[in-house]
Amino acid sequence: MNTSHYSVLGHTVPYPKVYDPSLLFPISRAVGRTQIGIGVVLPFVGEDRWHAYELSWLDARGKPCVATATFHVPCDSPYLIESKSLKLYLNSFSAEVFNRAEALRLRIAADLSACAGAAVAVEFGLPPVGGGDKEISLDRLNVDIEDYGPPNPDYLSNVAQNFVEEMVEETLTSTLFKSNCPVTGQPDWASVTVRYFGVPIDHEGLLRYFISFRHHAEFHEQCVERIFQDVLQRCAPQCLAVEARYTRRGGLDINPLRTTSEMAWPLSVFRDPRQ
């Protein structure tokens, strides 16, 4: 079983001088999911969307080319891709010759698919920087905070209502989210968005819950799945989508999305201003 302890993460390694797909390191999703009660049947659909800012290769005449790219790793793949290994892998193209950029795209797609154990879509370019027009920022709340971990789902609740329960659709966001790499301890900063339809969720409790990740060590993808599970179990929305847009490290940022229904709950694809 592949775990992060056997990866290059947290180790000093030389940058590759030649193309090497064996640098890619898969980590089983099952390990983290077992810890939060997720079995073989997933309660969500979604993807891990990677933005790559440092991609370079040589054309047929030896002239360097540069590009940005977006990778879409399906959340039902058996493996997630460890970030430092992906950085090193992409850097291994710096002296590789391609007659066409399309040949490079196909090569990357094939290698990432082999690592993840499922089809990974690759495209050149990045989504625009933006934000949702109807988002409600939780950062505006005037609250006292004393709990920074471990993640505490007891903060999550619905707003108390009298008589008939009113159903609402809301998109709640916070830029205050922080978790930590489970191997190196480095901070991982993100903007987190929760979109739902159901009985109103208590905003202050959700913000406190987000901040309770501040000392928590877990991979990006696992944090989002933990949030999804906790909100679904504690607040019981009819529809739910959770997305985190993590800030860039090593020329990459990752944006895990988990949603109850891909058709009914597509979130706008954009980059956070901090990315």
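One is the number of the first residue shown, and numbering goes on along the chain from there.
Just so you know, glycine gets a Cβ as well, placed from its N, Cα and C.
Remember, predicted model here, so these are calculated numbers, not experimental data.
Around Cys181 (active site, thioimide intermediate), taking its Cβ as the centre, 19 other Cβ atoms fall within 10 Å, counting all chains. Positions annotated as active site, thioimide intermediate by Swiss-Prot: Cys181.
If you look up Swiss-Prot, you'll see Asp188 marked as active site, proton donor. Secondary structure at Asp188 (active site, proton donor), taken from DSSP and collapsed to helix, strand or coil, is strand. For Asp188 (active site, proton donor), the same-chain residues that are 6 or more apart in sequence and have a Cβ closer than 8 Å to its Cβ are Lys178, Ser179, Asn180, Cys181, His220, Tyr246, Thr247, Arg249.
As annotated by Swiss-Prot, substrate binding site applies to Ile81, Glu82, Ser83, His220, Glu221. Packing around Glu221 (substrate binding site) is summarised by its Cβ count: 24 other Cβ atoms lie within 10 angstroms of its Cβ, all protein chains included.
Just so you know, the Cβ of Ser83 (substrate binding site) picks up 25 other Cβ atoms within 10 Å once every protein chain is counted. Swiss-Prot lists Ser83, Lys84, Arg249, Gly250 with the feature NADPH binding site.
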Taking just the CA atoms, what is the gap between Ser83 (substrate binding site) and Gly250 (NADPH binding site) in Å?
8
Please list, in sequence order, the residues in the chain of Gly250 (NADPH binding site) that are at least six apart in sequence and whose C-beta is under 8 Å away from its C-beta.
Ser83, Lys84, Lys87
Tell me, by DSSP, whether Lys84 (NADPH binding site) is helix, strand or coil?
helix
Around Ile81 (substrate binding site), which residues of its chain at least 6 apart sit with Cβ under 8 Å of its Cβ?
Leu24, Phe25, Pro26, Ile27, Asp48, Trp50, Val73, Leu112, Cys115, Ala116
Note the Cβ centroid of Ile81, Glu82, Ser83, His220, Glu221, the recorded substrate site, then list each other residue of that chain whose Cβ lies within 8 Å of it, in sequence.
Ile27, Asp48, Leu80, Leu86, Phe219, Ile254
